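See below for the structure under consideration.
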Amino acid sequence: MSEEAELRAKIAALSGRINQQRQSGSAPTTPTYAPPAGRGSGYYPRGRGAGWAGQYAPDRYAPYHQPRGFSHKPAYAPSYRNRSLVVNSSVGSPAGPPASPATPALTSSDKFVSKRDRHMQLINTSVYDQKTQQRQLEIEATLREKQQLRDAKEKARVMGAFQPQQTASTTYGAPPSAGTDAVRHIQINNLRFRVAADGSKLIRMFDDSNTDPGATPKITKVAGVTFHRSKHGNLYRAGLVKKSMRENNIKKSSELCPRFTATGMCAHGNRCRYTHDPNKIAVCKDFLRSGRCATGDACNLSHETTPHRVPACTHFLRGNCTNPDCRYAHVAVNPAAPACRAFGTIGYCEKGADCTERHVFECPDYANTGICRNKKCRLPHVDTAGNMRKAKSAEAKMDDAETSDLSSDEESYDEIDYDDVDSDNFSDNEVMGGTDERDHELSQQQDYVRFS
């Protein structure tokens with residue numbers, strides 16, 4: 001072997017050792033000692049004290065005599081200047097790169113979900129799903145507890161507004177027992193109601209003078225608690241109504257929604273019990289009158305002039321309609337036929353051209369009888385000779401029957417509408433749960449509490 005080849009072999013061996021030392025985390029560097037504290041830390045020149053700021057000469061390389069008792073042992077472990085970050089501490093041969101093992105596929109348990117709350121978090125998917133479900137259950141339980149507490153407070157406020165009146169069977173002066181009948185009465189707008197045992201329902205007590213359930217106010221407050229009217233004239237607590245709407249599925253009716261059909265919109269949305277059919281909408285009055293609409297396709301009403309939604313052409317009924325582009329319906333209807341109630345109230349009749357009644361934009365009650373008892377009616381009341389004769393004959397019949405007393409129809413109250421509470425959705429267990437049957441019996445006791 002030549003001298004040059006031998007030198008190259010030594011260089012390669014030295015390079016391998018250097019790489020091996022680097023991978024093992026150590027480097028063959030000369031240690032540098034820090035000066036230990038206290039005496040014997042080095043030699044000071046003559047005339048120089050411990051506070052001398054000159055350069056310190058290490059003990060090993062000091063050219064002067066060392067004091068007696070000096071120790072060469074350092075006071076602490078030496079620290080090295082050259083430091084390197086080792087990512088892989090495994091020692092390998094520099095001849096070639098080691099074969100990397102196959103990376104295992106990530107399973108569902110190894111995946112993470114980032115969550116931004118008060119802090120950025122990485123959560124395992126299985127743990128995250130479990131905590132999410134648990135959190136959802138806790139939220140639902142908290143909402144139920146709050147609702148139960150709110151219902152209990154409202155019931156306590158209603159029941160605490162007055163004391164129960166004992167029935168005639170109770171002995172005077174004797175303390176009321178658990179089985180004693182206690183009947184609570186309340187008067188609202190000169191109407192008497194019987195309060196259920198839990199305070200969630202006010203049952204209307206009808207008399208001979210007023211039997212119309214529409215006389216009950218639509219919304220009223222008793223001791224600060226809101227009550228809603230039902231179709232039978234009773235009052236239900238607002239919390240009970242909302243709870244029933246959340247838990248029970250609303251019974252959909254095939255009948256068209258009056259508000260949606262007449263105006264093209266309904267504030268109740270999907271909570272409305274009636275059908276919302278966008279193809280069965282009243283005609284746009286501007287389009288029917290002039291053939292143009294400012295809103296165009298964005299109009300909520302219909303621009304289709306079909307017999308279902310447009311009135312009959314009066315000129316066609318007389319046989320002299322000469323307009324080829326007439327937007328009114330050309331149907332043969334008896335002029336003496338009564339007015340169609342569906343067309344007059346909501347502007348749409350599902351019978352269309354097959355309807356035997358007149359399609360007119362008038363109040364059907366006033367057009368058919370000459371009398372409209374609804375003082376809040378917004379439909380047109382057209383006076384015709386026939387209507388006036390009908391009205392006079394109806395008044396004569398009323399005079400003959402000697403009905404001079406005021407009827408409930410003349411009262412200014414909201415009529416029973418489709419948005420009133422449907423009492424069929426409530427069961428006795430929901431309203432009067434936990435009470436005895438004796439609490440539901442009517443009493444002849446005349447004591448009650450008046451709320452103005």
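Glycine is no exception: its Cβ is also placed from the backbone N, Cα and C atoms.
Region 'Disordered' is the annotation TrEMBL gives to one range among 88-111, 208-231, and that range is 88-111. Long-range contacts of the zinc finger (334-362) within the same chain, counting only residues at least 6 positions beyond its ends with a Cβ under 8 Å from a Cβ of the stretch, are 256, 258, 261-262, 280-283, 306-312, 317, 368, 379-382, 386.
A Cβ distance under 8 Å defines the sequence-distant neighbours of the domain 'C3H1-type' (307-333), meaning residues of its chain 6+ beyond its ends; these are 280-283, 288, 291, 343, 347-353, 355-361. Across the residues of the zinc finger (251-279), the predicted structure has a mean pLDDT of 86.
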